[in-house]
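Have a look at the structure below, then the notes.
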Amino acid sequence: MKISTVVGTAAAVFASARGFGLQEVSSLEPKPDTLPAQYQYENFHQFENTPFKDWDHFVQTVIKDSSNVTFADINELNERTRPLLARLTNENFFKIFRLNLYKECPFWSNSEGFCMHKSCAVDTIDDWKNLPDIWQPEALGKIETISKEPPATNGSCIATGAKTGKDYCAIDEVNDETVYVNLVDNPERFTGYGGDQSFQIWRSIYNENCFNLGAEQCFEKNFFYRLISGMHSSINTHLSSEYLNFQTKEYEPNLKQFMIRIGDFPDRIENLYMNYILVLKALIKLEQSGVLQELTFCDDGNFQTKEKELKSELHEMVQPFYRLGDSHECLFNENTLFQNDDAGQLKDEFRQRFINVSRVMDCVQCDRCRLWGKLQTTGYGTALKILFELDQRDRLSTDFQISKIELIALVNTFDRLSKSVASINNFKKLYDAALRQEEDGAATTAQDSVFTRALDNAGSGETSRSPSDMKFPPPRSGIHLAAAFKQELGNVLDALHFIFNSYKLFPKMVYNWVLIRAVYYWNTFVGHVHEDFDVNRLYRLEL
């Protein structure tokens, strides 16, 4: 066996045991040893399409399909309302989310991979005592629906109601597999999940943008694509903003990741801002129509005061955006969609396709990615439901219903978009600083340079032999005997420390290696894997 193969195998096991960003894939095709051409950037000056080059002009342009809203308008008001929104999502009512993390994928067999990294895990609330009062067992057990009808629940923080045919997303029912998650304790960030299985997820989502009603529905089809693209861009912005630094093991913004995924694509940034407008318009419509004030969060008298406070804070959050347009066309005019002769049929197909998008999230093998994917698709689905099904002209209608889970998802999805907008503006500052460093002749940050070398070597079984990778202490003259002895003693102690730590780590390496082989042989036994065992094909470092 070649030494490079041994080194590559040992490195894979070692990296997995240490928790580096390696993920498991199961593909019958061998992986390329080099990066795709579109990822091969040596410096930030090579990102030629980024709007960061002329940001002042870019932010003054109008966001396509909006009601004459500019990027600068959103940036200004988002900075103003961001603290209030962050405080809202830390409230007990909004920070607990209910879902089923263990649903079977309804579209294909889910044997194509799974995330073994600990950052993929979700800390669920297993002890009822840790749940806020509104989520206690006596307030659960039925379909949680907030409607304008008085809830007949005998003091429960829950109103009953049936699902309607106007839902734009699949909402998990309460059953034995239902879990409750504190969103604050499980933030959305980079987990290492990726590879072929992740690509299959997004390919399936984008494939839902295939309508079959002729050329007249191009506007609606484009709207659907921009919605999905904006969601994808927002998620990638979160992952780039909370990216694992492989040296410090801390989560921090990674400018290179952001530029590769989002920053060099003006249309992706615009689609993200458009999603911000759509979800915000849904919140405004819910508040302006009077529906929000008539909704009952909880029939428990002890919660009524807090309910009024939450509604007041929601009003305070959206009120500054009223100045961006009149009451009917504020931010975005949803009445321009579904106006042709086949409007009803097209809307039904549009609704069903987004429901399918929300169901695809049950195919995600990373629990934390699944959590935030399900929450955000529920939030976008709720926004679409409000925009296209809530008739402001008929405020007395009782047909419109919105569940507690939908409201929580809507507010948290807007918080995700708000954070994305704030992160983009922060990345602009990092981009300017990186350009100044390059122009001054300085190297890129240690994280980026190390990350680039790691990517270049991933899967090749080779290590870098560049002398620049080795750090030697500068030569010194006139060292006294005592100082030299102290220095050598320190070197010996460092070496012993390294050796003892290696022995301490060895059981973890063995455990992880045995686990990988056990998983492989089990999958072979049940017929899920039909290939030879190969560590280099089980693991791959993804962008």
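Counting starts with 1 at the first residue shown.
Note: Cβ is positioned from N, Cα and C throughout, glycine not excepted.
Just one of Arg261, Arg323 is listed by TrEMBL for the same FAD site as Arg189, Thr191, Trp202, Ser229, His232, and that one is Arg261. Reviewing Cys330, Cys369, the cysteine that TrEMBL connects to Cys366 via a disulfide bond turns out to be Cys369. In the three-state DSSP scheme, Thr191 (FAD binding site) is classed as coil.
Distance between Cα atoms for Cys169 (disulfide bond) and His232 (FAD binding site): 17 Å, as a whole number. In the structure as shown, the Cβ atom of Cys120 (disulfide bond) sits within 10 Å of 19 other Cβ atoms. Residues Arg189, Thr191, Trp202, Ser229, His232, Arg261, recorded as contacting FAD, have a largest CA-CA distance of 21 Å. For the pair Thr191 (FAD binding site) and Cys369 (disulfide bond), the Cα-Cα distance reads 8 Å. Taking the Cβ of Ser229 (FAD binding site) as centre and 10 Å as the limit, one finds 20 other Cβ atoms among all the protein chains shown.
Distance between Cα atoms for Cys369 (disulfide bond) and Arg261 (FAD binding site): 17 Å, as a whole number. Of all the recorded positions in the record (Arg189, Ser229, His232, Cys366), the one with the smallest CA separation from Cys120 (disulfide bond) is Cys366.
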